[in-house]
Every structure is written in C-alpha cells, then in structure tokens.
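Some features that TrEMBL has for this protein:
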BINDING   D:Ser111, D:Gly112, D:Ala113, D:Leu114, D:Asp132, D:Asp160, D:Asp178  S-adenosyl-L-methionine binding site
Number of protein chains: 4
Amino acid sequence: MAGKSDKIKANEHVLFYYNRTKKWLVKITKNAKLHTHIGIISHADAIGKEYGSRLTTNKDKYVYLLRPTTYDYTMKLQHSTQIVYPKESGYMASRMGIQSGQTIVEIGTGSGALTTFLASIVKPRGRVHTFDVDADFMAIAEKNIARAGMTKYVIMNKMDIRKSRTVPVADADAAVIDLGDPWTALPQVRRMLKGSAPMVAVCPTMNQLEKLVSELVANEFTDIECSEQILRQIEAREGKTRHSFQGIGHTAYLCFARKAYFGTKRRRTAKDPD
Amino acid sequence: MAGKSDKIKANEHVLFYYNRTKKWLVKITKNAKLHTHIGIISHADAIGKEYGSRLTTNKDKYVYLLRPTTYDYTMKLQHSTQIVYPKESGYMASRMGIQSGQTIVEIGTGSGALTTFLASIVKPRGRVHTFDVDADFMAIAEKNIARAGMTKYVIMNKMDIRKSRTVPVADADAAVIDLGDPWTALPQVRRMLKGSAPMVAVCPTMNQLEKLVSELVANEFTDIECSEQILRQIEAREGKTRHSFQGIGHTAYLCFARKAYFGTKRRRTAKDPD
Amino acid sequence: MAGKSDKIKANEHVLFYYNRTKKWLVKITKNAKLHTHIGIISHADAIGKEYGSRLTTNKDKYVYLLRPTTYDYTMKLQHSTQIVYPKESGYMASRMGIQSGQTIVEIGTGSGALTTFLASIVKPRGRVHTFDVDADFMAIAEKNIARAGMTKYVIMNKMDIRKSRTVPVADADAAVIDLGDPWTALPQVRRMLKGSAPMVAVCPTMNQLEKLVSELVANEFTDIECSEQILRQIEAREGKTRHSFQGIGHTAYLCFARKAYFGTKRRRTAKDPD
Amino acid sequence: MAGKSDKIKANEHVLFYYNRTKKWLVKITKNAKLHTHIGIISHADAIGKEYGSRLTTNKDKYVYLLRPTTYDYTMKLQHSTQIVYPKESGYMASRMGIQSGQTIVEIGTGSGALTTFLASIVKPRGRVHTFDVDADFMAIAEKNIARAGMTKYVIMNKMDIRKSRTVPVADADAAVIDLGDPWTALPQVRRMLKGSAPMVAVCPTMNQLEKLVSELVANEFTDIECSEQILRQIEAREGKTRHSFQGIGHTAYLCFARKAYFGTKRRRTAKDPD
C-alpha cells in the first residue's frame, strides 16, 4: 500500500520515537550513531526502512521511525526565546481562519516556531512576512524554518517595523504579534492588514491583555476576544482511565481582534457594544 | 491602503457583527433587508463599503461589515449533527501538523464544519476525501462547504467505507474519524494512510477513548495521546480583568495516533512503551 | 436503624429534591402546599416520613425528602449580593485549616452564606465576628444565618471596621475579607489576628489580586498565595461517561496570606523570598 | 496585641517557612538544629519568639515561624498511600455540609490526612469513625493524627467493615469512602448513615466513578453528583500577573450521593430523574 516515498533516505529528518517524553529528531547521516539511555541507534539501519517501522537498539529496545510533522519540529525546536506551542498556535489558526494562500504578518519572529506552522498552512502561494529586531534570534529562527522546509514561504525582515515610515506589506489577511509590548505594533499592523482582517497577540500576562484591549479600541479594532487554551492529557487505559497526574501549566493568553473603520461622525462611548 | 478587493459586492457573504453573541452571516442580495432586534439593515447599504466599516441600522445602532473567515462559517453553520468546534479543530491541525498540499481522509462528514476547515488548509493542491453514510447529512455538508468556497478541494463519498473491499485513497497524510464507534474504521483508515502518518478521532465520551486506545494498539498505531481542550474566555477591561462568568463546557475529547508497523518477530507486551 | 430524629416534623426545613436543578427548600407548615411544574406537594404528607424517603406529587412524580445541609442552605439562599459558593468556601476552610473552636473575623457579611458555613465549623465554642456597613444586607444575612440555625455562633457588627479606632476582637484564628477593596481592611484585620494566623480575600478580578498582594507585603503578611478553584461536573453513566456540557464559569479568585512580623532591622527587598 | 499564647514554647510544632516550596514542620526540641540549604536553624532560637516572627539562619536568610494549621500538617504528612489533598477535602466539607458535632464514618483511613481534617471540624463533640484493614497504614495514620492533636476525636477500627455482620456506628451524619473499589462498602455505609445523609467517594479513575454511580442507584442513593476540583495557582505581581507556569495535575474525582429510601411499590426506570 505504501508508496516508494515511504522509504527513509539519507539526509532526511526522522523522529526516533520511544515514548511521549523520549524521542529524538535526527537528520539521517550514513555513519552517525545516536547514543541514548535505551541503547545505541545506527542511522544507517534506518535507511531503506518504511516510515512507521521499528528499529531495535543494541539494548533490545525499539524506536519507531516517524516522518516529522510541524508539531515534531516545534516540540524539538532549538530555542532561546519562549515559543508559541501547538495548543495556542492551533487555536490561532482556527480562530482567525488562517488558510492556504494567505499573506500573514508576524511581528516578533522569536525562534520561528509559529512562523513555521503558519508557513506550512499558507504555502505554496501564500507568504509569512516576519519581523524581528534581534539578529541572533533571526539566525536561530532561520535555521529552524529551514529544517522544516519552509524557507521559501517566509520573508524575514530584520528591522523594527514599529519605527519604520513605510510598511513592506499591504492587504495582509492576518497578523500575529508576539512582543512584550504588543500595543506598540498596532499602528503598523493596522496599516498592513486588509479591512476586517483578524489579528492575534500572544500575551504571557493579564496586564498585557488589559493594556492591549484598550489600545485595540483606540486603534479601531473590533471583535476583541481574549482567552486561554488549556490542554489536559488523559491516560485512557482499560479500566483505569483518568486525567494525567502531570498538570500542564500556563504558557500564554491570546487576544484576537479585527481591523475596523470606526468612522468620524460619532465617537465610541462606553455604551457601545464590543 | 486597502485594495479594491476590500469593497463589498453583491452576492458576497458578509458577517454583520454587532457583538460576540449577536452577529449574522448573510449573502448580500440587492433588495434584501435583515430584521434584527437592533433594527433593520438593508443589504444594499453594504454594497460598495469597505470591509471593516460600520453600517447604521434604523435604530441608530451599528454593525461592522466583516469578511467571513472559516471560523465565522463554522460558528454560523447550519447543522443537524454535533459539529467539531474551533477549539478542537485548531489543535487537530497543529498536533497532526496538517499543512497545505496534504491528502486528508475524513470518516464522518457530519455537517462539514471540519471538512471546510481542513480543505481551507490543504488547498489548492491537497484534497479532503470525506466519507459519510447519511445522504441527508451529506446534502447539508455540501451546502456548507460550498458556502465557504471549498467545494473543489473536497471529494465527497456517500458510502460506508468500513464495509468496502477497496479503498479509494492511498498514501493519505492524515486522517480524522468522527464516528460514534471510531474503532470500526481503523482497518480502512490504516490502509489509506502513509507509513507513520497521524490520525485523530473525536470522542464525546471517556468510554470511547478507552476502547479506541485498545483498538489502536491492536491495529498497530503508536504515539497515542488523548487530551481535552478547554477554552476559557477572559474579559480584559481596565481595572477589572477576570475570566468570563460564562463557563465553556465539554464538547469532545481527542485521541491522536500514528500508523506504525509492529513487525512479526516479537509481540507487544505490557512492558513495552506506548 | 434510623433513630427517631429521622422522622420529619412540622416547622422543620426540608429539601424537596427532584433533580440537581429542581429542588425546593421549604419550612414544613401543616396546611401549606408547594406548586411546581412536576405537580403539587402537600407539606402535611411529609410529616412523619423518614428523611430520605419519597413523596409522590399529584402528577405521579416524586421528590426525595432531604434534611438540608449547609450546602443546601447556601444554594437556596436569598441573596442580593454575589455570594461565596461552596467551591470556594470549602477550599478556604481546608487551606486555612479552619477548625471547630476558632474565632473567625469576616469583613463583608454580604448575604451570610460564608458566615453560615464558617459558623457551622467553629461552633459550639468558636465564633464568627462578621462586619458589614449595609443594614439591608445585614437584615438578609441575619435571616439566612437564622434559617441554618447558626445565630448563636455569629456576632454581627453593623459598622465600618476600617474606620474604627478600636477593634472588638483580638487573637482571631483566621480572617476572611469579602470587599471590593480588600486592602483597605488589612490594618484592622492584622490587629485582630493572632501571630501567623491565616486570612483570605475573595477577589472577583485579577486587578484586585494584584493590588492586594502588594498591600499584603506592605502590611507584613507572608505565605501569600493566589488561586482559582474550578469545579467541573462529570456525567458518569455506564458506557457514556464524560464531562458536563454545561461549563461552570468564574466566580472569584482567592488570595491567602498569614500575619507575620518583619522586624525593623532589615528591610524587605525584591530578592527576598515570598 | 498578641496574647501570651503566641510565644513559641519547647515541644510545640512550628512550621519554618522560607517560601512556598521550602518549608519545614518541626517539633521544637531544645538542643536540636535543622540543617537546610539556606543555612542552619537552632530550635532554641525559636523558643520565646512570637508566632509569625522571623528567625535568621547562619547564612543570613530568614524563615517565618508559623503555627501549623491542618493544611500544613496535611502537606507535611508522612504518607505511604496517596492522600486526599486540601483541594478535594475542602470541597468535600462544603458540599456535604460537614459541621462541628457530627458523626462521620471514613472507610479507608490511609495515612490519616482526611481523618485529621474531618476531626478538626467535628470536634469537640463529634467523632470520626475510621476503618482500615492495614495495620501498617493504621500505625502511620495514628501518628499523623496525634501530631495534629486530633487523637481524641477519632475512633480507629482496624477491620474490614465490609465483611462485618454488625456495624459499630449508627445515625452517622456523613460518610467518606477512600477505597479502590468503593462500591463494595456501600451496603455497610448505608447501614451506618442517617436517612438522607450525604456520602462521598474518592475515585482516582473515571471507571470507578462509572461503576460507583450504578451501584449507588442499586443501593438506593440519590442526589448523585460527580466532579473534579481543579486548583490553579496565580502569580499576582504588579504589572505581570499570570497563572503559574507549573500546572497542577489530577489527583482524584469525587462522587457525592445521599441515602434515600426508594420504597417498594414502584421500580426505578430510565425515565426517572437522577
């Protein structure tokens, strides 16, 4: 059933999967060996095997050979900044209706985890325009994006877009802000977005949410909605199904909004709807 | 700044947005009027306006004219079945690494909400192959998928794929099962998936999760993970930020897994890893 | 097995329990009838019956005759203020280690729900000293406390304790503050508490928590801990166990702390522990 | 303001509190020293100090001297079994309306954490009758209960109450079951409870909940309600308030019910209310 493309070749990335907490994302290199607590794995042994098959270590344990998804790339990302995790990035995509072909603006590239995920959706015709001021982050992000094969769908801009007189993007379909002070980017984000287009900001604290919401109103955004996404693992086993003992803690709150035009005749008052 | 495409034209779908709970998704029809508790809105008044701008009702209230996203289509879907909501569909996309260009199999079309979301990601080159036995659901789903403009990326199959000797899809990149007895579809889903490709099942009850996990092991799937996604709204307002008084209840649990090949030499035992 | 005290007598309070959302807390009055959508119930029919037994309505439905607990009194309380619910009051008791015999100070009587619960624990030798400025609330609270039989364990003080030069309580074992501006009560609460005794404040917003924590440090409190208590109902039924579709929303955040003496020699700095 | 009783004496238990994760519950012994990573603390230095005051270690760090509450005893309990934590025990108390003076039955003493908490509420006139079959657990529990000063309010029964022909308690006001198979104790629990009295079972898994609910109906209990209690810590700090990064995981589900008399004339059917 499986086509030829399912055989692992040298230089492909493979996820060696032992269990949920023990897994390794490697680039298959002919003579390389991976040393783990469950034994040694020779890369060469994986070559020619079907994706999904098992490989036995020298300690008689086995790993599954999995084709990495963007999820795997994210979870195994090299990062020097707090990244946006799948529990948030997935909801961003569904809440904003991100789809293939769109032009997305991202303020704050960070380590490129979210950039990669967004690019994987908007490709092949859409683009993610990402902005960051930090050259070191940009270098790491570039590597991460390349590893996941998304380089040609991402335009990286090493600049402080907030201080720029002109903006390099127009009619963007959506925007993401991942900055400590997301409100500072609102005027430029607004300039780059299409009318009624959605945006989201990633906010680690409640104070950021609060300040951002005020600034969104001041910048003529509507449909403002803040939320948090909680992911709870469930251990489903015959006769002893329960939630995981391991709690999943806070990562970030999200604040969504859409670009509007409030007009000039009438000022918004407290009695107006959201 | 906004391009020409931002002007609303007749026959386009527009979301009349008053607030989070009062919004109407309409197809702009020249002489139509929408009667609401906040007044009457003439469709004609929207034509030629920018997306994002306001329209005033005859009661001096206003609505925003928003270009519908897949989120809006989902939340305003005509449905006769329980649908998959964005809090789940987003995480499905990020957890499985759904991306543009993929071939997706969906068992259980239901009202087409998830079908639409998946199609919007895999287009223009990817496809969603969806299967349902119920002709009435199929008819509703077809309409919903068409309204969101996704018809050409969806192949609808009115059949019970579980009983079919042959499967019409090979090398699928991912699969979704939304059936009351998801385990019954595992053999066919397995046949349609690429090696190591991910799948997810939507399970309203814990018992379904439990039975499914056993059957996933029996059908040689690995990386099995069950979870629930909780979305909590936050009311962020200056000086009085708090969670919403309105709780968001249970919709479904999700169970993820990936197709593996266990091999024949050695049987899985309880001591093996997940 | 059941003693004589298990027979229902006139003038006792009884909970007529139909299901979780339909239940009535009534005082048994000889000639009274309760009219409900499930039929008419004659109080007289309950007299002489065992607690726990059923009573059939004239529509052939039945209710259970339950002896009200403090939980039932709270859930059926007449209230004109937001009350403290069992999901919070229970954790208050266990987190502060409230026990029988203690002296408790409560700033903000409200409708007396929490007063009743605390009194039911500290009785017969302990007391709850409760303070409120609003005579109308006090009147309602008094009635609610009386109905639950806790009057003699509660000392009600209609006064603004925050403005008082003297405090009527010393060496209290614990304190509860349920005010919009809980920090304003800290100096007096501190004066009334024993050394190292715990307190808790009920805060509907994050901003209150934030301001309160600063003021707690300024007022020499330690072991400061903020949390929220989320209660999720589970529908456990054979073969279809799941969480409730009905979500339970936000009520209040809690902030706990204990009275400390920071001493004078050395000022607290940011590097100090909590 | 603080009375004489606030001075620490030899042989009292004191909580040396450094921060939320570093705290030590010690019995003050004249010549003892506590060695910690923040330095050495001489017990003798605590004697004569006010509760709530600070003690400086030889590394110039300080701890607060706190009078232990039942919460502290629970969190610092010596235990060889899974214990019932304050997030559950508090809700048990408020949901069942546990109050001073009551007679409580506990099946499964475990390490005595819940026993201690319940005793601290029902004292001085009420009693907790606790049952366990394991002599080793009983010995540990006895020590834990004694340390918290609750010995005289607890009657310990080393026996399998489920197999006993007679029950040593009648007219209990509430019952707690903390067994792996809680349903096996229902007949005896029922015999010991007053009419309409509440009970709760601590269930680590969903399967236990499910089976228990069926058995509760079969044993003529009503007002059955299952829930889980989730505690989320909040870090409230000026300008950076957020939930804790550290998630708090699953401990147990709770199932509440009340003893009813279904009568003989009419059998319960699926159409009956809960």
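Using N, Cα and C of the backbone, Cβ positions are placed for all residues, glycine too.
TrEMBL annotations: computationally assigned, not manually curated.
Features per TrEMBL, on structure.
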{"residue": "D:Ser111", "record": "S-adenosyl-L-methionine binding site", "Cβ contacts under 8 Å, 6 or more apart": "D:Leu77, D:Gln78, D:His79, D:Ser80, D:Thr81, D:Ile83, D:Phe137, D:Ile140, D:Ala141, D:Asn144"}
{"residue": "D:Gly112", "record": "S-adenosyl-L-methionine binding site", "Cβ contacts under 8 Å, 6 or more apart": "D:Leu77, D:Thr130, D:Ile140, D:Ala141, D:Glu142, D:Asn144, D:Ile145"}
{"residue": "D:Ala113", "record": "S-adenosyl-L-methionine binding site", "Cβ contacts under 8 Å, 6 or more apart": "D:Tyr73, D:Thr74, D:Leu77, D:His79, D:Ile83, D:Val84, D:Tyr85, D:Ser89, D:Asn144"}
{"residue": "D:Leu114", "record": "S-adenosyl-L-methionine binding site", "Cβ contacts under 8 Å, 6 or more apart": "D:Ile83, D:Val84, D:Ser89, D:Met92, D:Glu106, D:Val176, D:Asp178"}
{"residue": "D:Asp132", "record": "S-adenosyl-L-methionine binding site", "Cβ contacts under 8 Å, 6 or more apart": "D:Gly108, D:Thr109, D:Gly110, D:Met138, D:Ala141, D:Met156, D:Asn157, D:Lys158"}
{"residue": "D:Asp160", "record": "S-adenosyl-L-methionine binding site", "Cβ contacts under 8 Å, 6 or more apart": "D:Phe131, D:Val133"}
Local backbone state of D:Ser111 (S-adenosyl-L-methionine binding site), from DSSP in three classes: coil
Distance in Å spanning the most remote Cα pair of D:Ser111, D:Gly112, D:Ala113, D:Leu114, D:Asp132, D:Asp160, D:Asp178, given for S-adenosyl-L-methionine: 20
Mapped DSSP class for D:Asp178 (S-adenosyl-L-methionine binding site), helix or strand or coil: coil
Where D:Asp132 (S-adenosyl-L-methionine binding site) sits in the secondary structure, as DSSP reduces it to three classes: strand
C-beta crowding around D:Asp178 (S-adenosyl-L-methionine binding site), within 10 angstroms: 26
